[in-house]
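*Asks:* I have a structure I would like to understand better, so I am pasting it below and will then ask my questions one at a time.
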Amino acid sequence: MRAKTTSRHHNVDEQEIAKFEAVASRWWDLEGEFKPLHRINPLRLNYILQRSGGIFEKKVLDVGCGGGILAESMAREGAQVTGLDMGYEPLQVARLHALETGVKLEYVQETVENHAQQHPQHYDVVTCMEMLEHVPDPASVVRACAQLVKPGGHVFFSTINRNTKSWLMAVVGAEYLLKMVPKGTHDAKKFIRPSELIGWVDQTPLLERHIIGLHYNPITDHFKLGRNVDVNYMVHTQRDSE
């Protein structure tokens, strides 16, 4: 039975949800629309493991988990993972895949703001990957993530910088020329400059610890992490120990 989603939060964009609902059945197709997410997942996972000091037996929340690519990989590392998303179909795909692979984790259809009200300072690690640019109020998500993590805990964000280069790479290149992701996946106006993200972080108990770029070379078809944050980037933050 389909979960009721008629009561929506102010920070949910129905059109954004619909984009991912439409392609949810292909989330675990390694050659499909989500191939880039599968390709970069090891880089993201290793960054999270290194910067957090490991997640074995830690309580981890993946905000905007979609079909569960990152969430499932963190559960395989021994973490107690909860995946959070507002898309019904992606969560159904995530649950089914977890059953098929035998990976134990929990998926919840709920906004991060509501989850934060119910579970303050509950998690050791919170991840929010490629989600901020898909909501009306990304600062609200940052505040909720800060509320959810324990003192001394870690919060990781990833998003796309807002400039001409990122528009050319993430929209023109990835969507129209290389067809790496479906057309219309991104709205360049919603991209977020690092200074904006750090500004929101600074208004919470979170402290910026590290920032790194994620680069794609179309000639070698290779992804890597590096210092340049012109396009995709990740930010590691840590909640102040109280």
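Positions of Cβ are set from backbone N, Cα and C atoms, glycine also.
Annotation comment: Swiss-Prot describes Arg44, Gly64, Asp85, Met129 as S-adenosyl-L-methionine binding site, evidence class sequence analysis.
In the displayed structure, how are the listed features positioned relative to their neighbours?
*Replies:* Packing around Asp85 (S-adenosyl-L-methionine binding site) is summarised by its Cβ count: 26 other Cβ atoms lie within 10 angstroms of its Cβ, all protein chains included. In the three-state DSSP reading, Asp85 (S-adenosyl-L-methionine binding site) counts as strand.
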*Asks:* Please report the three-state DSSP label of Arg44 (S-adenosyl-L-methionine binding site).
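*Replies:* In three-state terms, Arg44 (S-adenosyl-L-methionine binding site) counts as helix.
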